[in-house]
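Written below as structure tokens is the structure these notes are about.
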Amino acid sequence: MMYEDMKVKVEHVIDKDEVTDEYITDHQQRQAFNTWTKSFTRMDHPTVIQIILDKSHDKDISGRLMPNLIYVSRGKSKTSPHHFKAGALNVLLRVSAVMTNAPIILTQDCDMYSNDPQTPLRMLCYLSDPALKSSLAFIQFPQRFHGVNKDDIYDTEYKLPFQINPMGLDGLKGPSYVGSGCFFRRRALFGDPSTPVAPEIPELSPEHVVNKPIRSQETLSLAHHVASCNYENETKWGSKTGFRYGSLVEDFYTSYRLHCEGWKSLFCNPERAAFLGNVPITLFDGVNQCKRWCIGLFEVAFSKYSPLTFGSQYMGLLMSLGYSHYAFCSFWCIPVTFYSFLPQLTLLNQVSIFPKISEPWFFLYVFLFLGSYGQNFLDFILVGGTVRRWWNAQRMWMIRGLTCNLFASIEYLLRSLGISTYDFCLTSKVVDDEQSKRYGQGIFEFGVPSPLFVPLTVAAIINLFSFLSGLTGFFSGNNMEGLGLQMILTGSIVLNYLPVYGAIALRNDAGKMPTQIIIISTFVSVALYYASSLCLWSNNDSSKH
């Protein structure tokens with residue numbers, strides 16, 4: 001009823017382009033709306049705090065008291081950094097301390113919702129355990145999603161980072177924080193387990209007992225003060241207390257610093273999903289989101305707190321390697337790019353770079369390939385995956401290597417050299433009916449003329465023509481023994497890129513590959529072919545002389 005009432009009010013304000021007295025029902029609402037002025041913008045406005053429900057007297061239709069529900073819009077200024085999500089979480093941490101100071105905090109993304117009412121009880125079992133209480137910082141539930149299509153074509157479940165790897169880290173100091181579905185002990189955000197960091201005012205201390213009503217003028221005034229855009233100046237917020245600043249992946253960075261301080265975490269993965277959320281339904285949204293994560297991970301990897309140096313001193317070798325695996329994951333773009341182009345361009349020129357089938361080294365390549373994919377397949381199936389979803393996860397691993405990982409590496413390098421800076425982009429949550437229909441049918445959605453798709457399309461074109469050239473040579477009776485591994489590799493990549501070929505040549509819907517991307521990629525493919533031919537011809541000519 002409250003939601004429907006709010007919806008009518010919002011629609012009325014949008015239609016009228018003003019807030020009229022007709023929809024302001026009490027003095028507190030009038031005070032809140034009076035905060036909005038002509039100079040009020042998204043990036044420059046004062047703090048707004050509105051108490052929607054007060055557990056001391058607001059009741060539901062059955063007469064039971066409702067929990068507190070408080071709207072907080074932190075103050076922002078163009079002259080003060082707001083630190084994105086980490087800054088917002090720290091404001092909420094301070095405002096909640098002033099109003100209630102509950103010892104346990106749940107952080108949740110805006111598109112996630114609770115799916116199991118037993119979740120808080122599971123969490124309390126761990127946080128109430130005397131053996132864990134002194135060092136347990138947070139309990140992370142896996143990110144799980146509703147609305148994923150049958151075969152999860154974009155690997156939006158991320159089983160490896162969200163389910164498989166956390167189970168391994170749970171045997172060490174615990175999993176990393178993934179930004180949502182996580183219960184924190186408030187005390188963990190104020191120093192290491194043995195030495196708490198005192199906040200600048202006593203009301204923010206985890207041990208402070210709130211004895212004033214949340215609607216009192218003193219409480220509201222202090223809440224507005226700690227949520228202002230200049231409050232953190234010359235304080236330890238973001239460095240020694242609260243959620244940590246310095247990376248776009250503030251969740252990963254915060255848990256990393258907590259583990260370095262001596263805190264532990266736990267992974268709780270019940271059969272019924274504790275929380276469910278939305279997934280990107282277009283390829284562009286998926287890889288663009290991943291690109292932002294990769295840039296943030298680089299910011300941690302090459303900071304003074306790098307997991308390889310700082311982390312190994314304070315967490316131990318195994319835990320630091322676990323964090324390093326994530327922090328440096330974008331470097332996978334290097335071997336993925338080489339294996340997507342070099343064997344194919346040499347195959348087009350009938351040049352062998354791998355061992356022949358008759359040579360012993362050939363079996364080493366086969367063993368490493370089957371061993372790596374076999375282990376990954378087994379891990380995936382054991383956590384409830386299917387064969388089709390595993391195949392799509394491998395496909396997306398290759399696609400990310402040539403899109404978000406590659407572009408994130410280049411963008412971070414350029415920004416480090418002062419040549420370029422990144423933009424903070426959120427994944428779109430707007431769902432188009434046609435896009436949703438194609439996603440439900442398992443059809444890849446391109447549609448956006450993004451540079452991210454150029455290397456992917458170039459690789460698809462070169463691999464296809466390379467494979468066809470190899471087949472032609474094989475059926476023509478040419479000696480293809482030395483090119484066997486290149487043919488197998490190229491054929492597997494062509495098989496993975498079937499959705500790309502369909503988007504290039506077989507579709508007419510809005511989700512097909514944009515024409516300008518196809519044209520640019522074709523020119524780049526031809527240029528790469530001639531450049532490789534020229535290089536190989538020059539090398540052959542030099543060797544003869």
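The first residue you see is number 1, and the count goes up from there.
Note: Cβ is positioned from N, Cα and C throughout, glycine not excepted.
Note: TrEMBL annotation is automatic and uncurated.
The Mn(2+) binding site feature in TrEMBL is assigned to K85, D109. The transmembrane segment feature in TrEMBL is assigned to 323-342, 362-385, 397-414, 452-475, 487-505, 517-537.
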Residues that sit under 8 angstroms from D109 (Mn(2+) binding site) by C-beta distance, when 6+ apart in the chain: G179, S180, G277
Surrounding residues of the transmembrane segment (517-537) on its own chain - C-beta under 8 Å, 6+ positions past either end: 341, 345-346, 348-349, 351, 446, 449-450, 453-454, 457-458, 461-462, 465, 504
Candidate ranges 323-342, 452-475, 487-505 - greatest C-beta contact count to the transmembrane segment (397-414) (under 8 angstroms): 323-342
Same-chain residues near the transmembrane segment (487-505), Cβ under 8 Å, at least 6 residues beyond its ends: 153, 339-340, 343-344, 347, 394-395, 398, 443-444, 446, 456-457, 459-460, 463-464, 466-467, 470-471, 474, 480, 511-513, 518
Other CB atoms within 10 A, centred on K85 (Mn(2+) binding site): 18
